[in-house]
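Trainee: Take this structure first; my questions come after.
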Amino acid sequence: MDPLWVVIAFLVGLAIKQFGLPPMVGFLGAGFVLSAMGVEQSDALDYMADLGVNLLLFSIGLKLDLRSLAKPEVWGVASIHMLVTTLGVGGGVFALSMIGLGMFAELSLATSLLIAFAFSFSSTVFAVKVLEQKSEMKSRHGSEAIGVLIVQDIFAIVFLTVSLGKVPSVWAFGLLLLPLIRPLLGQLMDRVGHGELLILAGLVLVYCFTTVFGLVQLKPDLGALIAGLLLGSHPKASELAKSLLSLKDLLLVAFFLSIGLNGLPGIEQLLIAVGLVALVPLKVIGFFWLMTRFRLRARTAMLSSLALANASEFGLIVGDLGVSKGWISSEWLVVLAITVSLSFILAAPFNAHAHGLFGRFVKYLMHFESHTRLPDDQHIEFDKPPRAIVIALGRTGTAAYDALREHFGDDVVGLDADPTSAERHREAGRTVIVGDATDPDFYERLNTTCGCELIVIGLQSKSEAGTITRLLRASGFTGHIVAMARFRDEIEQLREAGVDTPCYLHDEMGIGLASSALECLEQDKAA
């Protein structure tokens with residue numbers, strides 16, 4: 001990658017960030033700037049972009065619970081939405097071709113449906129970036145959105161297999177034996193330790209799995225997802241995902257640049273792209289309506305739908321396939337690229353302010369909510385009201401839970417948004433409930449005025465800790481709230497949000513280290 005590209009991506013990304021938009025919107029803009037300067041796609045940039053997407057899917061696999069895909073509110077929503085969108089948009093595009101309007105005149109019914117099928121997908125890259133920036137990957141709406149995207153990816157695999165005329169190799173059946181190598185992968189993770197070897201191990205696994213899947217005529221990025229799934233239950237899965245985070249984000253800059261580098265559109269192409277983007281709100285409405293019909297709560301449905309409110313990079317793959325097969329002209333590839341770019345740019349601010357938007361329209365949106373609740377949304381009852389609650393049982397939250405249990409005994413309850421994590425903690429003997437503490441509706445299920453004295457927020461996100469604190473106070477909680485600050489300047493901000501005791505993370509680590517040292521000295525003296 002030319003150093004000038006990096007500079008332009010940085011400057012445009014920085015400028016966009018000043019307007020409160022995600023930097024990825026700036027990276028898209030940087031791609032258009034480079035395209036206007038005459039820069040063309042390069043193999044090196046495409047390779048970096050592909051590696052970034054593969055690492056993203058690998059990271060999803062590390063966190064994905066396959067059981068979630070079997071839920072009707074996931075596969076049912078994804079399937080019905082894709083079918084209706086393909087038929088509806090495809091019919092509209094074909095109607096325009098029948099009247100001979102511009103570029104539409106060349107389209108048959110089959111190619112009209114092809115374009116609509118490409119439009120029906122939502123972007124995995126965009127959704128994951130948005131959810132990660134808000135620390136909502138494991139939230140209820142985050143899991144719903146990711147589940148829908150994975151089901152869409154399965155449809156993509158089937159489509160590419162059929163349209164390319166390439167039947168997966170007979171050796172592909174050998175991939176069914178991959179779960180047998182899970183113990184070997186676990187031993188590998190145990191031996192690499194931490195640091196750079198762990199990162200390299202992740203990269204090597206992604207490379208090996210994507211290569212093998214490509215050799216047997218399957219989508220390479222599916223291999224990256226499977227690699228993550230095989231390692232998902234390993235104790236180092238979370239550490240590996242965090243270690244790869246910065247590298248993945250850096251490589252995804254190349255992905256966004258590559259979309260912008262697809263070329264600048266003509267007037268007609270731009271108008272068609274704008275017309276397709278104007279249909280994105282209908283996609284959102286469709287997702288929201290289907291999710292509420294499948295008994296998801298209005299808030300979960302809206303936040304999930306907004307994460308899916310875009311066109312997908314898969315549309316470019318479909319467009320490229322259509323051009324290579326002679327089904328559509330190369331002009332349509334530019335249309336699809338601009339559609340993806342514009343949908344990202346327009347969806348970013350809505351996702352950044354998604355919680356506020358729900359609060360503004362909550363009374364209207366609640367009318368669509370089903371009267372029957374899913375099991376995960378039932379009211380939470382305790383045999384005995386807890387005296388302390390720990391929110392988010394990561395490494396810090398788990399340590400806090402164990403320390404509080406020594407003081408309060410069994411009167412401590414943990415709260416985690418990840419069902420798999422919660423189940424793991426229950427097996428370890430902890431009392432844990434599943435719930436999203438950033439969800440205002442959650443506090444309708446949980447009575448915080450039942451005698452609880454202390455709530456510890458184990459999240460390192462200042463914005464999330466502030467949101468949770470405000471929701472706790474609004475629900476009537478009058479006890480003590482403790483939260484972490486990653487940086488010293490966040491201490492006062494947390495205090496202003498209502499946190500009684502904001503703790504600077506590194507100070508607490510030092511205090512804990514000193515306490516352990518003093519305890520050792522006392523034991524030596526006693527001996």
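The count begins at 1 with the first shown residue.
Placement of Cβ uses the backbone N, Cα and C atoms for every residue, glycine included.
Straight from TrEMBL, here's the annotation block:
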DOMAIN    6-347  domain 'Cation/H+ exchanger transmembrane'
DOMAIN    389-501  domain 'RCK N-terminal'
TRANSMEM  44-62  transmembrane segment
TRANSMEM  74-101  transmembrane segment
TRANSMEM  107-131  transmembrane segment
TRANSMEM  143-162  transmembrane segment
TRANSMEM  168-185  transmembrane segment
TRANSMEM  197-216  transmembrane segment
TRANSMEM  270-290  transmembrane segment
TRANSMEM  331-350  transmembrane segment
Trainee: Write out how many residues of the domain 'RCK N-terminal' (389-501) are helix, how many strand and how many coil, based on DSSP.
Mentor: 48 helix, 22 strand, 43 coil
Trainee: Pairs 6 or more apart in sequence, C-beta under 8 angstroms, 3 or more of them: is that satisfied by the transmembrane segment (197-216) and the transmembrane segment (331-350)?
Mentor: no
Trainee: Please give the average pLDDT for the domain 'RCK N-terminal' (389-501) in this predicted model.
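Mentor: PLDDT averaged over the stretch: 84.
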Trainee: By Cβ distance under 8 Å, which residues at least 6 away from the ends of the transmembrane segment (270-290) in the same chain are close to it?
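Mentor: For the transmembrane segment (270-290), the sequence-distant neighbours (Cβ-Cβ under 8 Å, at least 6 residues beyond its ends) are 76-77, 80-81, 84-85, 89, 102-103, 119-120, 122, 148, 301-302, 304-306, 308-311, 335-336, 338-339, 342-343, 346-347, 365, 368.
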Trainee: How about long-range neighbours of the transmembrane segment (143-162): same chain, 6 or more residues beyond its ends, C-beta under 8 Å?
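Mentor: Same-chain contacts beyond the flanks: 60, 64-65, 68-69, 71, 73-75, 77-79, 81-82, 117, 121-122, 124, 127-128, 131, 137, 168, 217-219, 222, 225, 287, 291, 296, 300, 303-304, 307-308, 312, 314, 317-318, 321.
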Trainee: Near the transmembrane segment (107-131), which same-chain residues lie under 8 Å Cβ to Cβ, leaving out any that are not at least 6 residues past its ends?
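Mentor: Same-chain residues near the transmembrane segment (107-131) but 6 or more away: 22, 24, 53, 56-57, 59-60, 81-82, 85-94, 97, 137, 139, 142, 145-146, 148-149, 152-153, 156, 159, 252, 255, 276, 279, 283, 307-315, 318-319, 322, 327-328, 332, 336, 339-340, 343-344, 347-348, 351.
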